[in-house]
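Database features, via TrEMBL:
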- CYS58, CYS62, CYS65: [4Fe-4S] cluster binding site (BINDING)
- SER134: (3R)-3-methyl-D-ornithine binding site (BINDING)
- GLU159, ARG179: S-adenosyl-L-methionine binding site (BINDING)
- 44-274: domain 'Radical SAM core' (DOMAIN)
Amino acid sequence: MDELKKKIQNFDQKTLLKCLKARGWEQTELFRLSRQVKEKVFGQRIWYRGIIEFSNLCRNNCFYCGLRIGNKKVYRYKMSLPEIAAAMDFIRRANYGSVVFQSGEIRGQRWEKYLLAIVRLTKKKYPGLAITVSCGEQDRGFYKRLRQAGADRYLLRIETSSQKLYEKLHPKLMSWSRRYQCLKWLKELGYQVGTGVMVGLPGQTPADLIGDLRFFKDSQFHMFGLGPYVIHKDTPLAAVNARKQWREDKAKIYHLTLNFLALLRIIRPTANIAAATALDVFNPSGRIMALQVAANVIMPSVTPRKYREHYVLYQNKPCLDEEAKQCLGCLTAKIKSAGLESGLGEAGTSPLYLKMARK
Ligand code: SAH
Ligand code: SF4
């Protein structure tokens with residue numbers, strides 16, 4: 001097993017390719033190794049972040065996402081501050097140590113004022129709670145003011161490390177370099193920065209995925225939130241042929257994502273890695289499997305039930321008809337029965353971030 005670990009950490013191409021495709025005993029070996037690496041740092045502990053999807057308004061038109069501005073079938077909402085305060089009360093009562101505020105991408109002064117108010121309100125009422133924001137690309141000044149208002153962490157997936165593939169998945173107005181620039185700003189401003197990609201995108205090659213792993217290794221992000229690509233019928237990426245292809249590739253994408261997560265854990269032992277909700281589309285225990293193999297973070301939804309059906313990035317999103325309390329109870333029961341430990345009340349700062357801050 002030490003031999004395999006060395007080869008993966010040295011980026012031996014042949015080994016990485018073999019691991020991405022691994023099934024059967026080869027996959028079992030890969031999972032055993034990544035679990036061992038994870039347990040050395042985190043034991044059985046799983047950290048929680050309650051995620052509030054506070055608005056589905058979005059200015060962008062990403063070709064894969066159900067919330068794209070071009071999708072006129074979506075009922076658009078923006079939670080009021082009292083609604084957010086009520087969701088926060090639940091977060092506190094349920095003993096979450098960390099909250100994530102996520103939305104589509106909106107820019108401008110009114111939006112900034114609204115977001116700053118959300119963060120300030122949270123910081124003032126719950127000073128110990130770690131605050132993560134995930135609201136897309138903004139300018140440096142906005143990120144700075146948000147940090148000063150009390151945001152500790154920011155999630156912004158690069159989506160793919162390949163600029164060529166990125167261009168195929170986004171309209172011309174969006175650019176890979178601008179997204180990367182945002183990640184650099186966030187790091188400079190002292191955020192704990194999380195990024196990630198989608199696995200199984202149409203046109204994505206194994207070489208692209210190895211490129212993603214290298215990107216993650218070289219750029220030293222503190223957290224990773226990545227998951228499988230899931231089709232959404234009201235998007236340009238879901239042409240009839242693509243839908244058929246996707247159905248046929250489902251099992252492949254599921255295993256590819258788990259193998260990718262395992263490789264990432266071996267390459268970045270001390271980073272926080274979240275188990276993406278999208279995994280549950282492929283297998284009801286998908287997220288738990290990811291936690292057993294490589295991930296150490298889970299993000300149960302705290303979005304009020306009435307808004308959940310409108311925050312649909314991809315088809316068949318799980319838990320749309322559940323209340324926040326049910327989501328937490330159901331996940332914790334699954335976590336415990338999988339032999340893992342709940343770290344619900346903890347902020348769960350990335351050990352990688354702490355290590356880098358000490359330098
Ligand atoms: N608007 C912000 C945050 C919300 S979208 C942003 O784009 O950063 C959060 C993530 O959902 C995106 O980064 C993307 O990786 C993921 N996503 C969107 N559509 C998806 C799909 N069809 N399948 C899987 N993940 C998807
Ligand atoms: Fe908007 Fe984010 Fe969806 Fe792109 S991925 S359309 S930015 S919500």
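Backbone N, Cα and C atoms are what each Cβ position is placed from, and that goes for glycine too.
Checked against ligand 2, the binding-site residues CYS58, SER134, GLU159 give CYS58 in sequence order as having a Cβ less than 6 Å away from one of its atoms. Residues from the binding-site residues list (CYS65, SER134, ARG179) with a C-beta closer than 6 Å to any atom of ligand 1: CYS65, SER134. When the C-alpha distances from CYS65 ([4Fe-4S] cluster binding site) to the binding-site residues SER134, GLU159, ARG179 are tabulated, the minimum falls on GLU159. Counting only residues at least six positions away in the same chain, the Cβ atoms of GLU137, LEU156, ILE158, GLU159, TYR166 sit under 8 Å from the Cβ of ARG179 (S-adenosyl-L-methionine binding site). Within the same chain, residues at least six positions away from CYS58 ([4Fe-4S] cluster binding site) with a Cβ under 8 Å of its Cβ are CYS65, LEU67, ARG68, ILE69, SER103, GLY104, GLU105, ILE106, GLY136. The residue listed as '(3R)-3-methyl-D-ornithine binding site' is surrounded by 18 other CB atoms, counting those within 10 A of its CB over all protein chains shown. Around CYS62 ([4Fe-4S] cluster binding site), the C-beta neighbours below 8 angstroms that are at least 6 residues distant in the chain are ARG68, GLU159, LEU169, HIS170, MET174. Packing around GLU159 (S-adenosyl-L-methionine binding site) is summarised by its Cβ count: 24 other Cβ atoms lie within 10 angstroms of its Cβ, all protein chains included.
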